[in-house]
């Protein structure tokens, strides 16, 4: 049976369009607020409302999938995201936009839970790494192309909202031509997020998603600031960020394939070790290009491998709940990491960004090394 079936390919096509819209809005919303002369703290609050929406959306999507299935949950998530986009054109204001970005955040989180859960339920322990790698490749490619779109088209609010909304609605179309079966509805017992978080045999996967959130959130949010403080121009900052993201895209498929072939525990150990090496290399500033490349290739691929590790430890009907737990863990890490790193950078030194990344990665590496010989056979193999 092919790894990339017709439903999987159509699902990824829809995700690409939705990710383009997400990237465009995430880039332009802060700029629109600044043009409206809102103070910086209000711009930050609007951004926080989006991430709060992500948390809320993550919590209830599993129940929704169980009730109405993958397809309808996907349609509903896309429509909620589209509503959050259209609402931005009603009125530019702090409370209005905070509400609409909260709604958009819910829709986006629902999309991620639906897509990730559908891919995991479609795969097996032998190909789930490649499926999640393809998901991350599409996600990062959509993010990259979204940045290109922002630089090529008019950034005016009322010019952008119509075609972005159209792109969101177009993202629904691929799934109208296929049906993703939700085998979880056949299970007698449903699983909760809290139960998945407490599952001992999957704890390394959960911790890996938290670490991944800390690493990626810090790199995405604070690397441009670090480079700016090194005296680089905006064009140079854009180039080095492109190197970082491109490395993440290029690393997805090989890492997924290696994880499926040689085991996720071994690949996770190598990835975390490489993240530590890349962080140390960034501190020396001896060779920024290779240092950033290996940091991106290893750091950006942690999440799908950690997910695949956790998902092979649960029964098939528990996959949706496990995915919610993993996405929630990643979100928490991506909120905590940049906040703590920014505080260290402001009060002490910019180099503490990479010291923090290396430190949390080292702690996770110790957890992975302690797990030697404790690798029970996967149960989610059907």
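Placement of Cβ uses the backbone N, Cα and C atoms for every residue, glycine included.
For the topological domain 'Cytoplasmic' (1-7), the mean pLDDT of the prediction comes to 74. Feature annotation from Swiss-Prot assigns topological domain 'Cytoplasmic' to 1-7 (among others); the stated evidence is sequence analysis.
Under the heading transmembrane segment, Swiss-Prot lists 8-28 (among others), citing sequence analysis as support. Residues 50, 74, 78, 81, 85, 104, 108, 111, 115, 118-119, 122, 131, 134-135, 138-139, 141-147, 149-150, 155, 157, 160, 164, 167-168, 170-175, 177-178, 180 of the same chain sit 6 or more residues outside the transmembrane segment (8-28) yet have a Cβ under 8 Å from a Cβ within it.
Packing against the topological domain 'Periplasmic' (29-44) from elsewhere in the chain are residues 88, 92-94, 97, 101, 155, 157: each is 6 or more residues past its ends and has a CB under 8 Å from a CB in it. Residues annotated as topological domain 'Periplasmic' in Swiss-Prot: 29-44 (among others).
Annotated transmembrane segment per Swiss-Prot: 45-65 (among others), in sequence order, evidence recorded as sequence analysis.
Annotated topological domain 'Cytoplasmic' per Swiss-Prot: 66-74 (among others), in sequence order.
Non-local neighbours of the transmembrane segment (75-95) in the same chain are 18, 21-22, 25, 29, 32-33, 36, 38, 42, 45-46, 57, 61, 64, 68, 101-108, 110-111, 114, 157-158, 161, 164-165, 168-169, 171-172, 175; each lies 6+ residues outside the stretch with a CB under 8 Å from one of its CB atoms. Swiss-Prot lists 75-95 (among others) with the feature transmembrane segment.
The topological domain 'Periplasmic' annotation in Swiss-Prot covers 96-101 (among others) and rests on sequence analysis.
Per Swiss-Prot, the feature transmembrane segment maps to 102-122 (among others). Within the same chain, residues 5, 7-8, 11, 15, 18, 22, 25, 49-58, 61-62, 64-65, 70, 73-74, 76-85, 87, 128, 131-132, 135, 180-184, 307, 311, 316, 319-320, 322-324, 327, 331 sit at least 6 positions outside the transmembrane segment (102-122) and bring their C-beta atoms closer than 8 Å to a C-beta of that stretch.
Residues annotated as topological domain 'Cytoplasmic' in Swiss-Prot: 123-130 (among others).
Annotation source Swiss-Prot lists transmembrane segment at 131-151 (among others), citing sequence analysis.
Distant neighbours of the topological domain 'Periplasmic' (152-156): 28, 31; these residues of the same chain sit at least 6 beyond its ends, with a Cβ under 8 Å from one of its Cβ atoms. The topological domain 'Periplasmic' feature in Swiss-Prot is assigned to 152-156 (among others).
Here Swiss-Prot flags 157-177 (among others) as transmembrane segment.
Taken from Swiss-Prot, the feature topological domain 'Cytoplasmic' applies to 178-203 (among others).
Under the heading transmembrane segment, Swiss-Prot lists 204-224 (among others), citing sequence analysis as support.
The helix, strand and coil residue counts that DSSP assigns across the topological domain 'Periplasmic' (225-230) are 5 helix, 0 strand, 1 coil. The topological domain 'Periplasmic' annotation in Swiss-Prot covers 225-230 (among others) and rests on sequence analysis.
If you look up Swiss-Prot, you'll see 231-251 (among others) marked as transmembrane segment, on the strength of sequence analysis.
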Annotated stretches the transmembrane segment (325-345) and the transmembrane segment (131-151) touching (3 or more Cβ pairs under 8 Å): no
- request: Take the transmembrane segment (131-151) and find every residue of the same chain, 6 or more past its ends, with a Cβ under 8 Å from one of its Cβ atoms.
  value: 3-4, 8, 12, 15-24, 27-28, 115-116, 119-120, 122-123, 242, 245-246, 248-249, 252-253, 255-257, 300-301, 303-305, 307-308
Message: Please tell me whether the transmembrane segment (204-224) and the transmembrane segment (45-65) touch - that is, whether there are at least 3 C-beta pairs under 8 Å between them, with each pair 6 or more apart in sequence.
response: no
